[in-house]
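First up is the structure itself, then whatever we jot down about it.
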């Protein structure tokens, strides 16, 4: 056993334990107090903490001939280093672990909508400028020889044929594909697990709430989420506009992850989560709430159609049941949080947040127009 190897190396653990049990050695103490099934790796880690080792001992790989070591355990032994690097230990005060994520959620949501308001202001200014620039460009194009069959021209034609919503989510899809490719780089596995999966038991709590929204490990998971996002992109951008949609989408990713944190802390079912499902549930719920009579169909089963309102009710019911019953295949708390945020925003949030952005826009306008002038100096 690994514990036996530690005792023979003479690191002082045997003496520390022997004095408290009347001279019994570590091996005798372990045999008396510990059932055989607890002499595995987890128990060794517990003993290590109690003995106060400053340096983790070298891990001893189980041999094939060791009794009590199954073939499955031997195959998994090669995974011990990366698994140990990603073991999550819940805080002894789990409620405290939600304080930083709560402040991050509120702060990020405010920054997202504030940035979106400024973005919209800048977009309106650039559109006015581009209108006059376009008149000049059209005149130059009329006298400039045109290139036929140019690849760039074909790309521009394809891009211009997309709707505003499709052009908006193209960047989101590209970011998800990039992160999916990064998961395939072995040297980045620890970084990806640390920053691109959300877990309230992790040491890094805040940044994964946003980054995990763009993270997918499974190709099918990513393809399904991006298909739904692409399908609803035109509708949601027509309802909210490009800038407001981006603020809602990014905020939804953080909010749904915070609800997931709350659910995991409340139930004690800790584990990493990733994916854009929470943010996409916000998009789906917002569209279904705004257009409840719209007709939807299931992919690969287009003959079965149903109203958007009924689809939303079914999804909420399923995620509520999954959260209560402890289904582990999906992060139902994140799905439910995203759906409720989408319903709330199109019902109340648009009036409370977006329509009250004017004071911020005026401040930004003052900064832009009354900034420091060039060529100053004393008179």
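From the backbone N, Cα and C atoms, a Cβ is placed for every residue, glycine too.
Per Swiss-Prot, the features are as follows:
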TRANSIT   1-52  transit peptide
TRANSMEM  102-121  transmembrane segment
TOPO_DOM  122-167  topological domain 'Mitochondrial intermembrane'
TRANSMEM  168-187  transmembrane segment
TRANSMEM  208-230  transmembrane segment
TOPO_DOM  231-244  topological domain 'Mitochondrial intermembrane'
TRANSMEM  245-262  transmembrane segment
TRANSMEM  273-289  transmembrane segment
ACT_SITE  277  active site, nucleophile
TOPO_DOM  290-295  topological domain 'Mitochondrial intermembrane'
TRANSMEM  296-318  transmembrane segment
TRANSMEM  333-354  transmembrane segment
ACT_SITE  335  active site
TOPO_DOM  355-379  topological domain 'Mitochondrial intermembrane'
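Tallying C-beta pairs under 8 angstroms between the transmembrane segment (333-354) and each of 168-187, 208-230, 273-289 places 273-289 first. Here the topological domain 'Mitochondrial intermembrane' (290-295) has, by DSSP, the following mix of helix, strand and coil residues: 1 helix, 1 strand, 4 coil.
Long-range contacts of the topological domain 'Mitochondrial intermembrane' (290-295) within the same chain: residues 235, 239, 305-309, 312, 346, each at least 6 residues beyond the stretch ends and with a Cβ under 8 Å from a Cβ of the stretch. Sequence-distant neighbours of the topological domain 'Mitochondrial intermembrane' (231-244) (same chain, 6+ residues past either end, Cβ-Cβ under 8 Å): 113, 116-117, 119-120, 123, 163-166, 168-169, 280, 283-284, 286-287, 290-291, 294, 346, 350, 354. In this structure, the CA atom of the residue listed as 'active site' is 6 Å away from the CA atom of the residue listed as 'active site, nucleophile'.
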